[in-house]
Amino acid sequence: MDHADSRDEETPLVVDSLEIETPRNNTRDIHILSTAFLLIFLSYGAAQNLQSTINTKDNLGTISLGILYTSFTFFSLFASLFVRILGSKNAMILGSSGYWLFVAANLAPSWYTMVPTSAYLGFTASIIWVGEGTYLTSTALGHAIDHKLHEGTVIGNFNGEFWAFFALHQFVGNLMTLAVLREGSVCAVLVVKFGTVLMFFLRKEDGKGKQELADSSINFYSYVISLSKSIIAPLFDIRMILIIPLIAYSGLQQAFVWAEFTKEIVTPALGVSGVGGSMAVYGAFDAICSLAAGRFTSGLSSITFIVSGGAFAQAFVLLWLLLKYSLTSGVLGALYPLIMAALLGIGDGVLNTQLSALIGLLFKHDTEGAFAQFKVWQCVSIAIVFFIYPYISLQTMLIVMLAGICLAMVGFLILTILVEKTFSSCSP
């Protein structure tokens with residue numbers, strides 16, 4: 001009897017223990033998200049890098065990219081609406097469709113295939129990237145809450161892993177996928193589709209890392225009101241105003257690498273066949289730097305230090321090209337573009353991880369709207385470069401970029417001064 005009484009007394013304790021919720025481990029979702037984006041961008045990255053060197057007839061390649069990023073810019077204004085309606089996971093799944101269509105179009109490039117797929121990719125790219133930023137930030141914040149970790153550190157680590165995997169598409173893609181594309185194989189398209197399939201295994205956000213809509217049956221009119229606030233409100237936020245120059249420069253430097261650097265620096269020194277190798281170096285250093293920068297990110301002070309280092313690396317390359325560089329033969333002639341690619345990759349890795357982490361920390365109340373603004377200003381600068389670069393000299397482009405990096409760093413340093421106290425109060 002005593003034994004039975006003892007068992008009856010212990011049973012509720014067992015039941016109670018079963019009801020204790022185990023903290024959700026969100027690192028699984030970040031692994032899946034990172035791998036999915038790597039696969040999606042393997043083929044697309046190689047195709048994009050080739051636009052200014054292969055699809056040169058009537059500037060088809062660069063005009064297609066200009067159309068893509070013009071469309072990307074326009075739809076980024078409305079991307080937060082689609083992401084809120086679809087949810088970030090579904091938005092990313094739909095968003096991946098534009099990438100395999102673009103890769104497929106490059107197997108038979110013409111005005112009839114490239115222009116419509118570029119315009120459609122602009123739409124899908126806007127929702128996949130706003131969805132990614134929203135999902136990653138929400139997941140990171142939820143993980144920090146569940147495991148009682150410093151949110152700045154978690155956001156930095158998650159962004160570091162994601163952008164390191166993403167940057168690998170430049171390394172792996174230019175060594176492997178480039179050959180697949182040149183052979184006209186459909187394997188490149190299948191790789192992108194496999195990345196899409198992986199996204200179905202992502203768990204939906206649990207809501208801990210973001211403010212949920214109060215009413216799940218909210219109507220379309222309310223969505224439109226929310227959308228207008230997401231577009232307009234950030235432009236009255238001094239923090240967003242100060243970060244916009246750095247966002248724009250991040251797009252400017254990417255477009256410079258994809259268009260000017262590959263055509264004006266790499267191709268004369270290494271030939272068209274050397275573009276893949278140089279971009280592989282770019283991607284390798286981008287990935288390493290992304291991972292390292294993410295690990296060292298903990299708050300605004302660390303972000304400021306890391307961004308300054310990346311800006312210095314890219315400024316060094318720009319000044320080298322403007323004042324000192326000339327095409328030479330021999331080993332040095334082949335080595336110089338690879339060194340430049342490595343330094344540019346370091347800068348890109350810094351900007352990707354730190355801008356994403358910074359926006360996630362500063363705009364937790366409206367991640368969709370903030371990341372939509374991020375893509376709007378980034379894509380505006382990219383689109384401008386692809387449209388004007390056939391008509392301006394390399395020297396002019398370098399001067400514009402140097403002016404851009406100076407303006408970006410001034411705005412960013414003012415931002416750090418204004419909000420340093422806020423970040424300091426959040427530190428443990």
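Along the chain as shown, the residues are counted starting at 1.
Note that Cβ sites are derived from N, Cα and C of the backbone, with glycine treated the same way.
Automatic, uncurated: that is what TrEMBL annotation is.
The structure displayed is predicted, hence computed values, not measured ones.
Features as listed in TrEMBL:
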{"type": "TRANSMEM", "residues": "30-47", "note": "transmembrane segment"}
{"type": "TRANSMEM", "residues": "67-86", "note": "transmembrane segment"}
{"type": "TRANSMEM", "residues": "93-112", "note": "transmembrane segment"}
{"type": "TRANSMEM", "residues": "179-202", "note": "transmembrane segment"}
{"type": "TRANSMEM", "residues": "223-249", "note": "transmembrane segment"}
{"type": "TRANSMEM", "residues": "269-291", "note": "transmembrane segment"}
{"type": "TRANSMEM", "residues": "303-323", "note": "transmembrane segment"}
{"type": "TRANSMEM", "residues": "335-362", "note": "transmembrane segment"}
{"type": "TRANSMEM", "residues": "374-392", "note": "transmembrane segment"}
{"type": "TRANSMEM", "residues": "398-419", "note": "transmembrane segment"}
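Here the listed stretches are 30-47, 269-291, 335-362, 374-392, 398-419, and the one with the most C-beta pairs under 8 angstroms to the transmembrane segment (67-86) is 374-392. Most Cβ pairs under 8 Å with the transmembrane segment (335-362) belong to 303-323, among the candidate stretches 30-47, 303-323, 374-392, 398-419. Long-range Cβ contacts of the transmembrane segment (398-419) within its own chain (Cβ-Cβ under 8 Å, at least 6 residues beyond either end) map to 238-239, 241-246, 248-249, 252-253, 256, 300-301, 304, 307-308, 311, 314-315, 318-319, 321-322, 362, 381.
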